[in-house]
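Here's what TrEMBL has on this protein:
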type	residues	note
TRANSMEM	23-45	transmembrane segment
DOMAIN	24-414	domain 'Major facilitator superfamily (MFS) profile'
TRANSMEM	65-84	transmembrane segment
TRANSMEM	91-111	transmembrane segment
TRANSMEM	117-137	transmembrane segment
TRANSMEM	149-172	transmembrane segment
TRANSMEM	178-199	transmembrane segment
TRANSMEM	258-275	transmembrane segment
TRANSMEM	295-314	transmembrane segment
TRANSMEM	321-339	transmembrane segment
TRANSMEM	345-368	transmembrane segment
TRANSMEM	380-405	transmembrane segment
Amino acid sequence: MQPLAPPHLESTETIFSSSITKLVVFICWLAILADGYDLGIYGAVLPKLLEDKSWALSPAHAGTIASYALFGMFIGAILVGTITDLIGRKWTLICCLALFSITMGLAAIASSPELFGLSRFIGGIGLGGVIPTASALTVEYSPKKRQSFIYALMFTGYPLGIVLGAILSMFMLEDFGWRIMFGIGMIPLLLIPFIIRYLPESIQFLLSRNRQEEVNQILNRFQIEFHVKNKTHQAPSTIRKKNGFFTLFSKEYIKATLLFWITYIMGMFLIYGLNTWLPQMMRQAGYPLGSSLSFLLMLNITAAVGALFAGAIADRIGAKIVISISYLMAAICIGLLTIKPSVTIIYLLIGLAGIGSVGITQILNAYVTQYFPSHIRATSLGWGLGLGRVGAIAGPILVGIIMTIQYDLAWNFY
């Protein structure tokens, strides 16, 4: 493997043992699973939340509350590049995981919609930092020829986290209410000692801080071959000023940066609109709560499975082609839902839409981390995901407004 190295570091060839790749992917998968559960559980419990007479939420108000976590994610994703520059990717991941897990407990005991929304906003900051950090670590510790597949495998944790929330809601929501579902979101705190003990820090980060002894410990512990091919001697402090956010707008990267940002905004508009409101929309269409949650299950199960196949195909024919075709497929399938087909066809269309929206975002994330140099991976992905939250925020709000003014249900799919 020949990773793109920062200009001020040695150009290297890194050969990873399977043990380090498996370990990093497993830990990042657990973090992403928790991220998916914590963000997706709101959509799963939303029908019950709307029935809570003590809060008397309207669909528009509920959509606004859904956007609070997404706005927090916007801030977290943008800040993550700066934070990782200061404390490293490992400790950024730990801090983000702790933050959103604690605020899930606070949301569970919130006495008013305002306190609930505040908890979701603060937790969103942590949620927003997990994906770019886990993504950068996964790509860094993966063999180049299988990066798309390995990344897609790691990111299956996100839709499976949403699936876990939907399954638990199907069995627990009616009997125990919505609060316990948020309380469950504190369980990831138990992972922190495990992550501290076993997750290695980014080698690129350690090299950029001249922490060679720690690099050697990681290389020896996990039997990583790290061959220096050539060196440049430009001062790190000089280069560092040119890196990060401003590198994204250099002549070499500005076109790709803007196109990635547009793709993220439109893709997340679709993803978060569906994951937040799909159960309630299908309930409004006449399906019972259990069936409505099963549609959410289908959306995300197919996303997880489909992403693995898409990742393998992307490694062969290129991520750009796979991403373009998949988004087109999702748009067509969602449009076909407006013709009110049979239940079997609905499941099929929702499944294909899940692959082409939620699932393909995993390939997009991997593509971004592969496209940009290693020293700005977290920054490039953080800003892409951060600005994508503009679409993520707008999606739930717009659907909530449409449902409040009681337009035809088909408008939500358009």
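Note: Cβ is positioned from N, Cα and C throughout, glycine not excepted.
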Contact check, the transmembrane segment (345-368) vs the transmembrane segment (258-275), 3+ Cβ pairs under 8 Å, seq sep 6+:
yes
Sort out for me which stretch, of 178-199, 258-275, 380-405, has the most Cβ pairs below 8 angstroms to the transmembrane segment (117-137).
380-405
Looking only at the domain 'Major facilitator superfamily (MFS) profile' (24-414), report the model's average pLDDT.
84
For the transmembrane segment (149-172), the candidate among 178-199, 295-314, 321-339 having the most Cβ pairs under 8 Å is 295-314
Under 8 Å between C-beta atoms and at least six residues away from its ends: which parts of the chain pack against the transmembrane segment (321-339)?
263, 267, 270, 274, 310, 313-314, 346, 349-350, 352-353, 355-357, 359-360, 363-364, 367, 410, 413-414
